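Shown next, in structure tokens, is the structure this report addresses.
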Amino acid sequence: MEKKDHPTVWALCILMIFVFLFGLSRWISQYQDRHRKNVIIMGIMIVIMAHMIGTLSLYPIDVGMMWINEKNREKEGYLEKIMLLWRRRVKICYYMFYGLHIVELFVILPFVYYYYEEWNEESTNKTRIFEALRRSLFFLLLFIVLFFCGTFMSITRKTNSMLDLVYFEQTFKVEYIKTSMFFIVDVILLFGIVLFCIYTAFGFSMFPLRIIKTKSINVPTSATDIKHALILNREKQRAIEVRYTGFHTKMNVKDRRILESLQREERTLVRCIRLTEEGKRKWEQPVSAILHMFQLLIGIFFLLISIGIVLLMSMAMFIIIPRHYTHQIDQFHYNYTISNSQDIYNYTNLSNSTLLSFKIQDSPSDRLYTLTVLNTIINDITGNYDFFKTWYSYSYLLFLAVFLLSFIILSFSGKTENIQNNTEIEPERETLLSLFNRHENFITYHYNK
């Protein structure tokens with residue numbers, strides 16, 4: 001019966017993977033420029049995103065194995081061997097995934113980024129590849145510099161002597177190669193956690209406040225502002241169209257992108273004018289007030305959710321990258337118990353012969369602080385340098401500080417207007433009108449000639 005179930009389970013897993021990759025490809029294609037779509041680049045981005053999500057999904061599996069191990073601690077036999085085997089497999093997956101992340105960060109992503117940025121009508125595929133390779137060479141050199149910095153720092157810390165050829169030969173040992181890779185991961189995590197704390201914490205505070213402070217109908221109160229903005233928008237479109245009128249040159253990618261953005265903005269402004277005209281009806285005012293109340297409730301709900309997520313994420317950062325006592329490293333429990341007694345004496349008053357150092361599985365501290373595979377890996381990564389270890393231990397405080405400061409600042413900040421004032425519109429409109437008239441006179445002159 002079990003053998004018959006295995007093909008079904010594997011078929012379901014493969015089907016879920018295909019559905020996930022299809023949804024991921026659709027999501028990535030929505031953010032690609034339709035004039036610069038490339039199947040190879042989209043495929044690379046799908047693989048990188050799937051790799052990143054797969055790395056994140058390893059941690060729930062790791063926690064689940066730790067939970068099963070805690071529940072079945074008293075049982076011995078085949079279950080302990082199975083869990084040990086799976087922990088070893090998960091550790092190998094962690095090392096493989098993080099190693100591939102380093103390759104993607106220093107080799108693949110720079111090449112793809114610069115290859116995509118060199119895209120224009122005149123460039124060929126060969127020139128784009130050459131320019132992308134030339135620019136991405138900097139990241140490869142940065143990787144080499146960080147690798148040797150980590151190697152030399154680990155050698156000098158252990159030897160405390162001058163460097164010579166003997167110590168340069170030690171750089172090729174597996175121990176120092178592993179330490180150098182850990183140093184590179186430390187540097188990446190140093191900047192990654194800073195960006196994570198600033199960007200993510202700011203987003204969690206901005207999203208609910210933006211919902212609360214946004215009007216129920218997001219249009220300006222004055223219809224004249226919208227009409228002025230619509231006139232300015234159409235004049236910008238005419239200026240771009242006149243620039244390519246009467247010439248046999250194709251519109252470049254930048255101007256085409258600006259023109260499409262202006263056309264979308266024009267449709268939005270026309271819809272806003274229609275909404276302001278319809279908003280004068282009296283029956284829409286109470287409906288708008290009710291919708292605004294629902295909007296406030298939704299904003300408060302998301303605010304509470306974001307506060308809970310921030311607290312959970314800060315605690316997760318503290319638990320995954322704990323400091324000192326959480327790992328229970330190099331700690332032993334000393335006691336001396338007399339038979340038929342539960343008294344535990346102070347070990348300082350006893351001789352060395354009576355000290356019993358033990359660490360058993362039934363210890364409450366071991367039950368509380370059982371390490372996951374990710375905990376052990378991060379402890380290996382951060383254990384070589386005290387600076388990185390201290391920074392990672394207190395990084396959750398930066399996360400909370402950025403969240404609180406951004407929440408306070410955004411709470412008292414004013415609302416941003418979507419449409420400019422008349423004083424800002426008039427000079428730009430006159431400039432565009434003069435440009436349009438100049439192009440129109442030029443075309444008329446050549447046509448009459």
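Placement of Cβ uses the backbone N, Cα and C atoms for every residue, glycine included.
Annotations in TrEMBL come from automatic prediction, not curation.
Some features that TrEMBL has for this protein:
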- 6-27: transmembrane segment (TRANSMEM)
- 39-61: transmembrane segment (TRANSMEM)
- 95-116: transmembrane segment (TRANSMEM)
- 137-155: transmembrane segment (TRANSMEM)
- 181-207: transmembrane segment (TRANSMEM)
- 290-321: transmembrane segment (TRANSMEM)
- 391-412: transmembrane segment (TRANSMEM)
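The stretch in closest packing with the transmembrane segment (95-116), judged by the count of Cβ pairs under 8 Å and taken from 39-61, 137-155, 290-321, is 39-61.
The list of residues near the transmembrane segment (391-412) in space but at least 6 beyond its ends in sequence, with Cβ under 8 angstroms from a Cβ of it, reads 189-190, 193-194, 196-198, 200-202, 204-206, 209, 310, 313-315, 317-318, 321-323, 378, 382. Non-local neighbours of the transmembrane segment (290-321) in the same chain are 200-201, 204-205, 207-209, 211-212, 214-216, 374-375, 378, 382, 392-393, 395-396, 399-400, 403; each lies 6+ residues outside the stretch with a CB under 8 Å from one of its CB atoms.
Within the chain carrying the transmembrane segment (39-61), a Cβ under 8 angstroms from the stretch's Cβ atoms is held by residues 20-21, 24-25, 28-29, 32, 90, 93-94, 97-98, 100-101, 104, 108-109, 112, 115-116, 372, 374, all 6 or more beyond its ends.
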